[in-house]
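Record features (TrEMBL):
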REPEAT    10-48  repeat 'HEAT'
REPEAT    87-125  repeat 'HEAT'
DOMAIN    87-268  domain 'Phosphatase 2A Regulatory Subunit A helical'
REPEAT    164-202  repeat 'HEAT'
REPEAT    203-241  repeat 'HEAT'
REPEAT    242-280  repeat 'HEAT'
REPEAT    281-318  repeat 'HEAT'
REPEAT    324-362  repeat 'HEAT'
REPEAT    363-401  repeat 'HEAT'
REPEAT    402-440  repeat 'HEAT'
REPEAT    480-518  repeat 'HEAT'
REPEAT    519-557  repeat 'HEAT'
REPEAT    558-587  repeat 'HEAT'
Amino acid sequence: GADGDDSLYPIAVLIDELRNEDVQLRLNSIKKLSTIALALGVERTRTELLPFLTDTIYDEDEVLLALAEQLGNFTMLVGGPEYVHCLLPPLESLATVEETVVRDKAVESLRKISQEHSPVDLEVHFEPLVKRLASGDWFTSRTSACGLFSVCYPRVSSTVKAEIRQHFRTLCSDDTPMVRRAAASKLGEFAKVLELDYVKSDIISLFTALASDEQDSVRLLAVEACVSIASLLPQEDLETLVMPTLRQAAEDKSWRVRYMVADKFSELQKAVGPEITKNDLVPAFQNLLKDCEAEVRSAAAKKVKEFCENLPEDSRETIIMTHILSCVKELVSDTSQHVKSALASVIMGLSTILGKDNTVEHLLPLFLAQLKDECPEVRLNIISNLDCVNEVIGIRQLSQSLLPAIVELAEDAKWRVRLAIIEYMPLLAGQLGVEFFDEKLNTLCMAWLIDHVYAIREAATCNLMKLVEKFGAEWAQNTIVPKVLGMANDPNYLHRMTTLFCINSLSEACGQDITTKHMLPVVLKMSNDQVANVRFNVAKSLQKIGPVLDSSALQTEVKPVLEKLATDTDMDVKYFAQEAIRVLALA
């Protein structure tokens, strides 16, 4: 019974399982390692289990991944911090395997247990491991070393610190791009634990070298490090030490590097401070907004609002009006819909920064253009951010400028455009408030109920339900219900059916009182309709609103009508009436 009691799990069985042909079995036994270690006790875990695991590291990647993860939580199982160094040999082997995911997990576990080493153990056991990895023959071990420098640096003696800095320098100029990439990705993290003098003497030269590496994948990682390095240096050193490299990155020949600059722009802006932002970052940002690659323009467009918010207050408006706005205007009619959509998601935020007059004069025309964009995402991004413009310019101004555009879309000849606007209606209603809605948009919502496209009528019905959920049953009773019920006498049977569909979706939101008093009589009256389609929909409606009604109404009013419909001449009417009687348990 190997699967019976875990605690009596002898190491022999484990060894058998770890040598089993079946990967899943091996994986399961690795996942049970902590149980096995507990059963063996700390002494045998150190002397038998760990050596065995260190020797058998030739396995499928998923098994190794599970092992690397387990070992990170093994400190107590080997006897606590004073024995934690026993976990280093298996993790060292795992940090050199070919599969990146396994190496990364091993490095993560090593970083975790480095915290549990005493300073002495760190120098005696951990630091030599980092050195071995850093000078390993295979690039895999050298990439792993890059992630371990920063965790041991703060806690070792100054001679060892010097060695670590030397190793890091060497790896930054390694022959293998993968190693330089790993070093570049850890540059910012390593800079944070270094003393300021060494940041200036060592890190800056490495940063400059990596930022002009022949591989763009290395250069773009140096941009990420730039944020950390800039935030460590005093203001007066930034101009000479960091800015030349950053300027170069913003104009890099590879779009990926420029994309990275655009993506990290707000963080860079905070790190370099207001003066450099004015002189350097503003022109750089303009160029990124006009970049020839859509991906770069898109990343920069996403940052427009944040960039403008973080500009120094005394010159914010001037910078935006003279430098940024012209670029933004161009992006509104960009060839790429991703760029337009990225811009639309933030552009409304500029109104709060620029104030009422500028918004009305400069931004409203842009919002209008975007509301009419053929790309639905652009329109949605504008409509879903209307509330911040509303706060700045007020509802009247908004209604004079933007509403005609919304109404125009609502009556568009293409039904898919109409459909898109209906879907935004509840959102708009919530942002504009009930009085405004009743005055301007209510008639639209009603007009859609008699649209000649069924998909529009269906969406309009669903829209009414959402509006009632927003504005409440009393509002429904005064403004919506009378109009819906009025359609019950429409000569067109499709419109009469729409009444029934609306009642189906409104009954629950409106509640028992309104449904019983106002809606039910209309449904019951329609049971005498000449059109069979209307009659069988009456049966379906009664089944739908039944649960909302009280039992006396069901027995005295609904039941007789359904019984009459159950003897109808039309097959379908009969069927749906009998179905309703069954579901409502009226038989």
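Don't overthink the numbers, they just go from 1 along the chain as shown.
Quick reminder: no glycine exception, Cβ is built from N, Cα and C everywhere.
These figures come from a predicted structure and were not determined experimentally.
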Beyond the flanks of the repeat 'HEAT' (402-440) by at least 6 residues, Cβ under 8 Å: 364, 367-368, 371-372, 376, 379-380, 383-384, 386-387, 390, 395, 448, 451, 453, 455-456, 459-460, 463, 466-467, 470-471, 475, 479
Proximity of the repeat 'HEAT' (281-318) to the repeat 'HEAT' (203-241), 3+ C-beta pairs under 8 angstroms: no
Spatial neighbours of the repeat 'HEAT' (480-518) far in sequence, C-beta under 8 Å, 6+ residues away: 446, 449-450, 457-458, 461-462, 464-465, 467-469, 473, 525-526, 529, 531, 533-534, 537-538, 540-541, 544-545, 548-550, 553
Segment confidence, the repeat 'HEAT' (87-125), expressed as mean pLDDT: 82
Long-range Cβ neighbours of the repeat 'HEAT' (87-125) (under 8 Å; 6 or more residues past either end): 50, 53-54, 57, 61, 64-65, 67-69, 71-72, 74-75, 78, 81, 132-133, 136, 138, 140-141, 143-144, 147-148, 151-152, 155-157, 160
Positions whose Cβ lies under 8 angstroms from the repeat 'HEAT' (324-362), at least six residues beyond its ends: 282, 285-286, 289-290, 294-295, 297-299, 301-309, 316-317, 369-370, 373, 375, 377-379, 381-382, 385-386, 388-389, 391-394, 397, 401
Helix, strand and coil residues within the repeat 'HEAT' (480-518) as assigned by DSSP: 35 helix, 0 strand, 4 coil
